[in-house]
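Features as listed in TrEMBL:
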{"type": "ACT_SITE", "residues": "Ser42", "note": "active site"}
{"type": "ACT_SITE", "residues": "Lys85", "note": "active site"}
{"type": "DOMAIN", "residues": "17-94", "note": "domain 'Peptidase S26'"}
{"type": "DOMAIN", "residues": "102-141", "note": "domain 'Peptidase S26'"}
Amino acid sequence: MTLLSSVLSRCLRATGFLVQSVAIAYCVVEFGGDLVICSGSSMEPTIASNDILFTEHISVHMNRIRRGDIVIAKCPNNPQQYICKRVVGVHGDQLISGLFVQRIPKGHVWLEGDNKENSTDSRAYGPVPLGLVRGRAVCRLYPYRNATFFRDNTFSQ
């Protein structure tokens with residue numbers, strides 16, 4: 001009986017350690033951040049295709065996405081695809097989109113690429129729900145010669 005209880009005790013401790021480790025790893029990725037490889041030219045010259053960015057997720061969870069932030073979001077037209085765009089408008093802002101004035105509703109942002117001639121963005125699909133925003137770009141890590149931090153609110157309208 002002692003051998004069985006000893007084995008069970010070790011198994012329970014190992015299982016507890018495994019559960020804690022998985023929970024911590026999940027929290028780090030979900031609330032901490034991750035690496036993203038950007039593709040396409042819609043954010044040039046700020047971000048080039050194949051640049052690697054570090055993104056943080058805390059700003060998204062705390063509703064602290066601001067005008068000027070560069071964000072990674074699920075594409076509203078294709079949820080299997082992620083997009084990298086700049087926040088141009090937030091709740092309450094009014095933007096001119098074509099011939100119309102667009103008011104940004106609560107819980108949404110207006111996203112545009114820096115390379116406006118080559119970007120499919122909110123001008124095509126309208127305001128983006130904050131629920132589709134995955135993270136805020138903090139810095140470019142690669143290519144190393146272009147490594148830089150993205151400053152808050154670099155967008156000026």
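Just so you know, glycine gets a Cβ as well, placed from its N, Cα and C.
Any TrEMBL annotation is an automated prediction that lacks curation.
Assigned with DSSP, the residues of the domain 'Peptidase S26' (102-141) fall into helix, strand and coil as follows: 10 helix, 18 strand, 12 coil. In the three-state DSSP reading, Ser42 (active site) counts as coil.
Per DSSP, the secondary structure of the domain 'Peptidase S26' (17-94) breaks down as 20 helix, 24 strand, 34 coil. If you take every residue in the domain 'Peptidase S26' (102-141) and average the pLDDT, you get 92. Note: the Cα of Ser42 (active site) and the Cα of Lys85 (active site) are spaced 8 Å from each other.
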